[in-house]
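Engineer: I'd like to ask some things about the structure below.
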Amino acid sequence: MEHQNSNPIRCIVKLGGAAITFKNELETIDEENLMLVSSQLRQTLMSASSACPRVVGMDWSKRPGLSEHPSVDSNFGDQPVFDSKSFVVVHGAGSFGHFQASKSGVQKGGLGKPIVKAGFVATRISVTSLNLEVVRALAREGIPSIGMSPFSCGWSTCQRNMAEAEVSMVIKAVDAGFIPVLHGDAVLDSSQECTILSGDVIVRYLAAKLKPEYVVFLVSSQFPVFEIGSFLIIDASPISPSWFHFLLDV
């Protein structure tokens, strides 16, 4: 029996892989876009009573390539108060994981093949490394983010369709005041042993289970997707000015 969340989910935010990475450059993050998205998401999360609070970062780990040790800001009394309603973030893989998965055929299954098993491991190393960087970017903006991998949460598929996906850990994290950050992942599949679970499928599943007020997609596209008749938009309703501001700015 799944745990029922006590706090209504306000929004699921999907960060498209092409929006936060350079898809044509292997495992390369678009640092500028990721920083901008994190900053805008933080502003959206802020309560209306906090005008321009100082950012108190939560990434206290040593950055790769830097010699200095991280510093911890002890003045958490000024830490901004976030909206009491809840958020979940899901991001795509972009230039992470696709190379490893395609070279080994993880999507087609067959863990008995050494190349597939090795590719499964390599794919997860790649996508979880991106997830860590997304979590760190959000944490540097004072957003209490927690990385959650579908594979590690026990999610699995059958014939590439969602089969087992217990959302209780996501709900518990939200109820505890954290922002879960999930991602596209390599998972086990009961019919073909393994496959790739995309971020878009995760968003659709979470939306059905958590019933958020909004689902916001940040994408990188040359074509408008918010026009009537757009293939990506079947039904739409007016959104609040703060969310419209978020969409425009990123």
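Here the Cβ of each residue, glycine as well, is placed from N, Cα and C on the backbone.
Checked TrEMBL, it gives:
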- K23: site 'Transition state stabilizer' (SITE)
- 85-218: domain 'Aspartate/glutamate/uridylate kinase' (DOMAIN)
- A93, H98, G199: substrate binding site (BINDING)
- G94: ATP binding site (BINDING)
Engineer: Under a three-state reading of DSSP, tell me whether A93 (substrate binding site) is helix, strand or coil.
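Structural biologist: Where A93 (substrate binding site) sits, the three-state DSSP reduction gives coil.
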Engineer: Cα of G94 (ATP binding site) to Cα of K23 (site 'Transition state stabilizer'): how many Å, rounded?
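Structural biologist: That separation, Cα to Cα, works out to 5 Å.
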Engineer: Within the domain 'Aspartate/glutamate/uridylate kinase' (85-218), what mean pLDDT does the predicted structure show?
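Structural biologist: That region's mean pLDDT is 95.
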Engineer: Run through the Cβ atoms and count how many others sit within 10 Å of the one on K23 (site 'Transition state stabilizer').
Structural biologist: 18
Engineer: Cβ distance under 8 Å to A93 (substrate binding site), same chain, sequence separation 6 or more: which residues?
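Structural biologist: For A93 (substrate binding site), the qualifying residues are G17, T21, S126, V127, L130, H183, G184, G199.
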Engineer: Just the number: how many Å between the Cα atoms of K23 (site 'Transition state stabilizer') and H98 (substrate binding site)?
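Structural biologist: Spelling it out, the Cα of K23 (site 'Transition state stabilizer') and the Cα of H98 (substrate binding site) are 9 Å apart.
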Engineer: Can you count the other CB atoms that lie within 10 A of the CB of the residue listed as 'ATP binding site'?
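Structural biologist: Taking every protein chain into account, the count is 26.
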